[in-house]
Amino acid sequence: MVDYHAANNQSSAGGVQTYMEQENDWDRDLLLDPAWEKQQRKTFTAWCNSHLRKAGTQIENIEEDFRDGLKLMLLLEVISGERLPKPERGKMRVHKINNVNKALDFIASKGVKLVSIGAEEIVDGNAKMTLGMIWTIILRFAIQDISVEETSAKEGLLLWCQRKTAPYKNVNVQNFHISWKDGLAFNALIHRHRPDLIDYDSLRKDDPVTNLNNAFEVAEKHLDIPKMLDAEDIVGTLRPDEKAIMTYVSCFYHAFSGAQKAETAANRICKVLAVNQENEQMMEDYEKLASDLLEWIRRTIPWLENRTQEKTVNDMQAKQEDFRDYRCVHKPPKVQEKCQLEISFNTLQTKLRLSNRPAFMPSEGRMVSDINGAWHTLEGAEKGYEEWILSEIRRLERLEHLAEKFHQKAAIHESWTDGKEAMLTQKDYETSTLSEVKALLRKHEAFESDLAAHQDRVEQIAAIAQELNELDYYDSASVNARCQKICDQWDVLGALTQSRKESLERTEKQLESIDELYLEYAKRAAPFNNWMEGAMEDLQDMFIVHNIEEIQGLITAHEQFKSTLSEANKEREAIQSIQAEVQKIAQSNGIKLSGANPYTTITPESIDSKWEKAMAMVPLRDNALQEELNKQNSNDTLRAKFATQANAVGAYIQDKMEEIGRISIEMNGTLEDQLTNLKEYQTNIMSYMPEINKLEGFHQLIQEALIFDNQYTSYTMEHLRVGWEQLLTTIARTINEVENQILTRDAKGISQEQLYEYRASFNHFDKDHSGALMAEEFKACLISLGYDVENDKQGDSEFARIMGIVDPNGSGAVTFQAFIDFMSTETTDTDTADQVIASFKILAADKNYITAEELRRELPPDQAEYCIARMAPYAGPDAVPGALDYMSFSTALYGESDL
């Protein structure tokens, strides 16, 4: 029911008196009309009982039951909400008159001028005066405070009825008597506010009794409006009583005005809850996206930090291909997710500021800064992993080259040492002649020379094995075993050589015949033979170069080698001439040679054979060096192509980074135009992507060619990838800033002209075009906009307050977004916790708590359950079972406390 106490306190005494003088200008003689008197008795009695029942009582006869003044005083206390003086309980006439006077005095204190109504007439049961007094009370406490478009009382109530029934057929409310006689106006009022209670289309204008009874019964059953008239009394009267109809209609007004307030309150709560639910969903989406991205980074970094070594170059190149696949396939979507995460975070913070909510603080470890830190760690791991792969490929190439060289030299050495132990341990000198012994001695001297010549090869074999161990060659065990076997055998050969020499020297005195020519041949043939073997080793030696200078150095060395072939051929011919001289002397002296040269196993045939092989290897070596030169020239062409494209891409990225910086400061036109231009600019930037892909293609060719340096450019692919990602991220952030400004403008109702003014003021004082104002620049900007922040105590205090809003972190700089948020907050209004509490209080019928049933009745199902799940139990002194605390819930919505 209506809170009359609140309504009474809003009226002024002068206005009430003037109004009452007009309303009391009623024809009291009309009360003598039996039909009207009957209608007023019934209506006023029902109206009084609708209030008296709150105090647990009622009246039966309106002029009899008010005679002692007790129920009259009780009625006034109920409808006013105030306490009257204590009534007198005596039965004497004077006691009754005093009680009635107390009631009449109270009515007069409310600014009501009572005309010709005295306590004696009420005590005497004067029906005319009693009904007039009740009408005066109804006017003051039920009708007077009705106001529609600055009209009040009767005119306001009539205007309200006309507006509510205007859409309905056969209803034309012009007064409070004839217009209500057919009952359609009563039904139209109910249907307008509660269409679920009335089937208006089924009503007929020619059946007023049915229409009136339907409206009165529905009002009594569903709207808590007691039945104040009988349909037959209204229909049977030519002109129904105006005061009875006004009294009845005023009850409908008060019943429906409370429902309208509840609807308004429910709508406000729905709006606030919808914003909160949307924000919570965005927070959940951010948390999930951040968690997924961090989890991907967490899984990826260990893979990038894995330094498990492979055994072959092919295995490492497979890892390099996996890394290239990660760079081109797996990482780009994550770059987009990271950018989208930052945009979502900024949009959410903007929406929270616009709806007067506290800023969103992601879970620990999921801040944008945390994600950026994890991303930085990921990129560091990427760089380290790529460098490691390239380093490992170089190391394995070097190892394979050294291993092949080791086995080649070891095979040559083992071939040379084959049979040497047996030769050194034989006892042939014991049965030889002196000349044979001398020959054996000379042969042994030649062998020692040969042995000394092979010392370098053994040392090279040991050095290569040592380097393979230092480079962690996977098959070091077999290399070490083979090297150890060669060294042990070399020591044995040295010891056996020394032993045989001592034996020969003991028998040297007995042996005189020495063939000097054989000896000379042997001495010269052995070094020459070793030289040829060394030359063939060099001609077959593998080489690895990385630039033109290195291959040109090898070609130069090879040309120097070829320049010595003429002298070598002369030496070969000289050695062959020694053997020819032996044959000549033998023939000329009739000497029969016993066989081969006793001092060496190197025959002229073997020298010629090796010479021919060596000469055949020279053009092969020429071809190999020329092919490598061609390869290096091709690599140099690749370097130049990559450098040309990289220099162009680098300059493009630099120009566009500077250009987007200027655009973000000098943007003109509406925010929608700026957004459209920025997106077109973004599309234009993305059209450059084929050039990036072209550069990636050159980079892939360079990596496949194992090119590790480039003297033609200072750019690396990594630097350009980072620059390109920064350019795309900067454009996306600029677009997001404009979108947030549009959100701010639309949510705060800021005009385009205000935004232009704010942007112009901000840019004017942003002298260095940094996109932020320092403290003194921001103060000058505020002064230009009319803020009193001059250098005095009050101005300094106001400026400190404003800086606390726009720069809560104390960085000393104010961004344009913070400036716009502050200006929009200064010029617009938003929902507050107090407004939401007031709305809940209306739904709770002024109680300090609310029940689940009331929430489900007034709010949509999903939002009602949202509130019930989050409201704490009410613990106040007036708590009842199931009471919920809506006050702490409302303040928690705005961050003032925890749910």
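Glycine too: its Cβ is placed from the backbone N, Cα and C atoms.
In TrEMBL, the annotation coiled coil applies to 437-471, one of the ranges 227-261, 262-296, 437-471. With helix defined as DSSP H, G or I and strand as E or B, the domain 'Calponin-homology (CH)' (38-142) counts 71 helix, 0 strand, 34 coil. A contact between the domain 'Calponin-homology (CH)' (151-257) and the domain 'Calponin-homology (CH)' (38-142) is present, since 3 or more of their C-beta pairs, 6 or more residues apart, lie under 8 Å. Among residues of the same chain six or more beyond the coiled coil (437-471), those with a C-beta under 8 A of the stretch's C-beta atoms are 395, 398-399, 402-403, 405-406, 409-410, 412-413, 416, 423-424, 428-429, 479-480, 483, 486-487, 490, 493-494, 497, 500-501, 504-505, 507-508, 510-515, 518-519, 522-523, 526-527, 530, 598-600.
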